[in-house]
Structures are given as C-alpha cells and as structure tokens.
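These come from TrEMBL:
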- 1-67: domain 'SRCR' (DOMAIN)
- Cys37-Cys47: disulfide bond (DISULFID)
- 70-169: domain 'SRCR' (DOMAIN)
- Cys138-Cys148: disulfide bond (DISULFID)
- 174-287: domain 'SRCR' (DOMAIN)
- Cys249-Cys259: disulfide bond (DISULFID)
- 280-377: domain 'Ig-like' (DOMAIN)
- 388-410: transmembrane segment (TRANSMEM)
Amino acid sequence: MRDVMVVCRELDCGNPVAESRGPLAEDGRRRVYLYSCYGNESSIRQCDIIGEPGDCIGRYYHHVTCSESVRLVDGAGLCSGRVEVKSNQSWASVCEADFDRQDAEVVCGELGCGAPAALQGGLYGEGEGQTWDKEFQCKGKESLLLDCDTSDRENNTCLPGNAVGLTCSEPDDVRLVGGGSRCAGGVEWYYQGEWRIVGTDWLLPWGYTYSGSAKIRKNLAVVVCRQLGCGSTVSVLPGKTTRGFGVHCEGFEPSLRECLSIYDLLPGLSVICSDLLVQPDISLTDSMGGVSRGHQGPEMFRGYSFTISCSTQPQYPGGSFLLTFTSSNRTQTQPAVNHSAAFLFPAADDSHQGNYSCVYDNYVFSHDFSSESELLSLTITASPLPAFIIRHVVVLLILLTAITTSYLYYKPTRRQKRVNRVSSMDLYVNAMEMVSLSSRAEAGPGEERAAQGTE
C-alpha cells in the first residue's frame, strides 16, 4: 500500500484506507506501470516507473480509497500519529480535551485499523497549522468522524502539548494457518472480502526471479510476526501452494497492508515465529489446609506439604516442564504428561520462599521453543501449632466424627426395637381379650352365670 499512500498524499486526501484492482479498460487514457514506491514520496512521479506512458504491463488498474477528512500524521505507520481533521481545505490538529475514546474508536475504524491502543496529548508532536475548534461527541458506532455530533468548545484555546495523538492496533487481516498455533503456518491476508494465500518470491513481471528472494521472504516474515504479536521470525518455509498473492516488504512495516502488493501469483510460504507456544499456567495446591491467600500471593505454613503444578494448552505432543526458583539456582524438570507436570514438596521451610515459574520446552518444526509462565510468589509463615500436633488433632477429629455418627445411627435403632416389642405385647393382650369377650357372647346368659358361679 506504499504507492497508495503516495497517491492519497499527493491528492491531499488523508490516509489510505483500502485498495483494490480491476480489469484494465481500453478507454483511451494513458497509463504507466509503477515498479516501486517507498511511501514517503510527495508525488507519484517520484516513484520508480517502468515503461513509457501508455504501457501497462500489469494489465490491471488500481482503485484507491482515501480517508479524505481525517488522517494520522508523524506516526510509525498508517494506524498511529497525530489526529488531524480537514477543515476549509486545510488540516487542523485536534485538542486532547475535545477528543475521547469513543471518538478514537470512530477514527481507528474509519482508517481501517483495529481498536484504540493509546490516546494522549502531545504523543506525536504539535501540528503546524490551526486547531480544530469543535468538540466531538461520537457515540463510537459512526462510520466517519465527521458523521459525529459536535459542540462548541468551552475553552477557545488549546495549550501547547495538547494536540491529541492516537495509536490504533493493527488490523486483524493477517493469519497463519495449518501450523497448530496462531504463530505458525501458511500466511494468509484478508483482501477484498476474502482470505488469500500470500506469496513473495518476487517474480518480476517479465518473468525473471529477483536475486534477493530469500531476503524478501524473510522481510515479509518479520512483518507478519510483528503484526501478530508473535515475537521474532524463526524460519520461513515453502508453502503448500504455488498460487500466492504477491507481497513485497522491506521489513520495517508495522503491518502487511503497508507492504507493496503485486498481483502475480507467486509461491506461497509458511512462517514460524518465536512465540509459537502459548504461555503455560502455574498453580499451587496442598492437601492439609496449610495454604492461604496473601497480598503477594499464596502463603504456606512451615512443615506442610505442597505441590506446584505446571500445565499448558494441547498444541503439540511431548515436551517438558522446567520449574525455576528465582531465589536460588535450584531447578527441577519433568516430562509433560497430558500437557502438565506436578512438583511435590514434602515439607515447607524458609528455603522454599520466593518466586517460581514454569518453563515449557518443546522441539517443534526442527527448532527448540520455550514459553514461560507468570511468576508465582510463595511466602512461608509460621504455623499456629506444630504440624505434628495438628496432624494428630485432625485424626482425632475424624475418629470422633465417625464415633458420633455411629452412635446417633444405632441409638434410634435400639429404641425402635424396644418400641416394636412393646407394641407386639400390646397387640397380643388386646387380641386375647377380644377372643375372651367373643367366647362369652357365644355361650349365652346361662352359661355365663354358671361360669361366674364356678369362678
């Protein structure tokens, strides 16, 4: 997009937002083929031009979209710089007091960048021209900054050092696929509404291969790893396709879209960055209740056992974990089993106090990679009671609980048996009385009197 930057600058139309291509129409207009622009030229005529006017080796035309009414200047790339707004055919800087994060979200989106990352007055110097005299009232959803509501500024002056500078994150338009990590794989670029494979052997339009192909590939890999936040470049490998979208980088560009695009289909490539492995996790556990949370991290009672666990996401099989202890040169290593490892400490003492970290090492893509966890700060404190006393108390409490539970269970059972026996005797007596009454009723009055006389 370096040639597009020159076009927008020459037309005084702000920052480049997008470019596309279309079939060349024979409309009688003269055209030239641009070989290379560095991006800092003030006119397209200062770029390297191949052929005489009327020649067009590329067979396509460029369609350029510029921001027109807002731009970022004096920054490191298209997504950073001092905010300037076009007013009466001239550019004006914006005062920090008149610009907030919602305004910044609109500007970053309008310029095709990611979310705002930094917003500060004087971050990219002072403008030489006038200052914008309105306060923006964006809601954050507008497509253009000039679509936002504005209000009169309460203070008509903007003190030196308050010209607002904005840094947007780079656009999320590059990815590495097929490598098991977001930092390894074939390079793809989201261009004109679809993901396209990127190639960079720098095949010149008339069929010759540039002698510095290896350097060109490395430069592109540097830009890709930088844009993805994946560290430095480890290696560049041939891709799985010979039909990649041509891109040429110098290596200093903050994002791939600021490199030079060519429309010939070139061999694809795969990039491996240094931050291939995700950051592992570190945690501390104990089985005796001797750990508590302090202000600086976990606190452990002396004499208690504890375990430090290391784990990572299942990216690649194998590997090992190195547990480092910053207070000494003491380290421990264990193989990664199911992407984790556990380091047991039988009894905590003062020598265990300090900072621990897990380092995950793995050999992938013919290279050694490592990733380190955050620090775990462990403090060793005195136990309220000696550990052996606490162990005995815990055992006694467990036994007492078991005895109490058994007693409460069996006691109602015995009482229920006694109640059942009493109930059975009552039923038997009642039954015998009923039988006697029934017999007397069947004998009649005479027999009843005889029976009473006998008694």
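Cβ coordinates are placed from backbone N, Cα and C, and glycine is handled just like the others.
The C-beta environment of Cys138 (disulfide bond), restricted to residues of the same chain at least 6 apart in sequence and closer than 8 Å, consists of Asp100, Gln102, Asp103, Glu105, Val106, Leu145, Cys148, Asp149. Recorded residues Cys37 (disulfide bond) and Cys259 (disulfide bond) have their alpha carbons 10 Å apart, per Cα-Cα distance.
In the predicted model, residues of the domain 'SRCR' (70-169) average a pLDDT of 88. In the structure as shown, the Cβ atom of Cys259 (disulfide bond) sits within 10 Å of 24 other Cβ atoms. Of all Cβ atoms in the protein chains displayed, 20 besides its own lie within 10 Å of the Cβ of Cys37 (disulfide bond). A straight line from the CA of Cys249 (disulfide bond) to the CA of Cys47 (disulfide bond) spans 16 Å. The DSSP breakdown of the domain 'Ig-like' (280-377) into helical (H, G, I), extended (E, B) and coil residues amounts to 3 helix, 55 strand, 40 coil. Cβ-based neighbour count (10 Å, all protein chains) for Cys148 (disulfide bond) stands at 18.
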